[in-house]
Every structure is written in C-alpha cells, then in structure tokens.
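Engineer: The following block contains the structure, expressed as structure tokens.
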Amino acid sequence: MRELGLAFNRRFEQWMFLIIPAVLVLGFVLHRPLVRLVDAVPYLFAFVTLTMALDCGLKQLRQVVARPLPMLWTLVLAHIVLPLAAYGLGAAIFGADSPYVVGFVLFTIIPLGVSSVIWVGLSGGSVPLMLALVVLDSALSPLVVPAGIHLLFGTGVEVDTSRIMSDLVLIVVAPTALGVLLHQASRGRIAGAVKPVAAPISKLCFASVVALNAAAIAPYVEELRSDMLRLVPVVLVLVGLCYAVGMAGVWRSRSRELTVTISYAAGMRNISLGIVLALGYFSPLTAVPVVLGILIQQPAATLHHYILRKLNISRSGKMTSGQVR
C-alpha cells in the first residue's frame, strides 16, 4: 500500500502538465453537475494545506518572520509593479478609458491565490513563506484593492473583509496551525509517516479544486464569449508577465526556493474574490479580463512548473524534489 501511494504520487507529478489542463476542461464540460459541489472547495483546499503544513515546523515559520524583506518585496511586485504594468499594457492596446484596462489592473490588485501554496510546494519553493504571504496579503486586501482602484481610476469599491478572513481561517490558518502542531508533536516525523496516503489524496483534492473552480466560472465565460477572441492574447501576455516579473524580481538572489515562491506569488490570484469584485462592482466588460485571467492561471501555473523543472535540471544536472510531496 505504501509503495502504491508513493508511485501514484510520482506519476501524478510527472504527468501534471497534462492532468491539470485536462481536469480544467472537464470542469467546464461537466459544469452543470459539478457546480453543486463547489461548496466543497474550501474543505478540499484545507486538506491540501494541512498536508503541506505537516512538513512545516515553528523553526521554519520563525525564519520567515525573521526575514520580512522577501514578503515586502513580493507585495511591491504584485500590487505596485504589476498593476502599473497592466495599466500600461491595457492603455497601449485599448486606450486608457477602456473598461478592459480596469479589468487588467483589477486582476493584478486582488490578493494572492491560495492555490499558489500548492504549486509552491509541488515546485520546491518555501511553503511557510507562501502561507505567510497569502495570509498577510489577504488581510491587507481591504486596504490595497480599494486604494489601487481609486488611485488609478478614481472609482470606489468595497471589499467584504469578514468573508475573506473567514475563508482564510478555514483554508489556510486553521489547517496550517494544526499541521505545525502535529509536526512539533511528532518531532517532524509525521510528514514522512503519512505521505504514502496523504500525498495521493491531496493531489486528488487539488485536481478536484481545479475542476470545481472551472465549473464555478463556466457560466460567466459563456456570457462573455463575444469578447474572448480579442482579449485572450492580451490576457495571456499579462499572466505571463506576472510570472516573469516575479522571477526577474529575485533572479539575482540565486535562490531557487525564493524564485519559485515569489514567481508563483506574483502569477496567481484569488479566484473567488476576483469574480465577486469584477461582477459585483464593475461592468461586464471590466469582468472579462478578470475571468479570463482566472481561467488561464492554472494552465499557466502548470507551464511555469514545467519551466522551473527544466531550469533546475539545466543548472544542477539533476532534479530537486519539492519540499512537500
């Protein structure tokens, strides 16, 4: 049983570049029956977070807190550099007054995506740092999102702080605390002990999250279909730019762990909050780039994982496993 679980985990990671896009398509095709299961997403996410947190102890968390500069730099890249780049890209192509430009900027201003924690773990980044970034950025979002939109467009927007924080507690804070507690109690042995069972289940939970999120946004994609062709290339460039800025921002550090973590932090955004803000406070045209960006970010994350793996092989001559498997 142990070998079977580990073999499944290895195969999943080996073929993930095909599995994730396939699951995404499946979520769109079967969105009508799957949409009824969307409420399960936070609980599936919580299990994945718990599995990764089992390999995080108080020592790792203290190291993250003791070095706040990477966190601050990530937030500068994600919420100052990238919104300005998104504004410039959109204004150059569609004109500064286009509602699409607001959508491009909104995609970069919304909080970092929780699913980035999963990709950071899979790609050998710093899970403690990514967990801290998600919690901090989400806590700051009631200030960051309205301020960013107001400064660039003079438009007011409100963010439901209580909803964000309650989701965070369930998806990130509680499972992380439990995982760290179990790690400390077992003196770090629990991660290896449960890996043959927990790792395969967490991969299946992750695939389910991707499919269910696709099912959740499928109705919006259908409604906005007429704008897709002209916007897809620009959104592809924007999402790619997010990853590129994240990598370039820490390239000189020569730390693969930091490069993986910050590039995923810069590249991925909060799916549910993005949809709520785009459709609740702005015109349908503004929502199109946000929905498209959210749609593209999982395939882009898969491609980025593949690129990071190739870069790692070319630098070291061998593959380095992620810290959470």
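Just so you know, glycine gets a Cβ as well, placed from its N, Cα and C.
Straight from TrEMBL, here's the annotation block:
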TRANSMEM  12-34  transmembrane segment
TRANSMEM  40-58  transmembrane segment
TRANSMEM  70-94  transmembrane segment
TRANSMEM  100-122  transmembrane segment
TRANSMEM  129-152  transmembrane segment
TRANSMEM  164-183  transmembrane segment
TRANSMEM  204-222  transmembrane segment
TRANSMEM  228-250  transmembrane segment
Engineer: Within the same chain, where does the transmembrane segment (70-94) have neighbours whose Cβ lies under 8 angstroms from its own Cβ atoms, ignoring anything closer than 6 residues to its ends? I mean 6 or more beyond.
Structural biologist: 64, 100-101, 103-105, 107-109, 112, 129, 132-133, 136-137, 140, 144, 148, 152, 234, 237-238, 241-242, 245-246, 249-250, 258, 261-262, 265-266, 289
Engineer: Does the transmembrane segment (40-58) reach the transmembrane segment (204-222) with at least 3 CB pairs under 8 A, where each pair is 6 or more residues apart?
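Structural biologist: Between the transmembrane segment (40-58) and the transmembrane segment (204-222), contact is present.
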Engineer: Taking the transmembrane segment (12-34) as the reference, which of 129-152, 164-183, 204-222, 228-250 gives the largest number of Cβ pairs under 8 angstroms?
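Structural biologist: The stretch I would name here is 204-222.
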Engineer: Using a Cβ distance cut-off of under 8 Å, indicate which of 129-152, 204-222, 228-250 has the most pairs with the transmembrane segment (164-183).
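Structural biologist: Comparing 129-152, 204-222, 228-250: 129-152 has the most Cβ pairs near the transmembrane segment (164-183).
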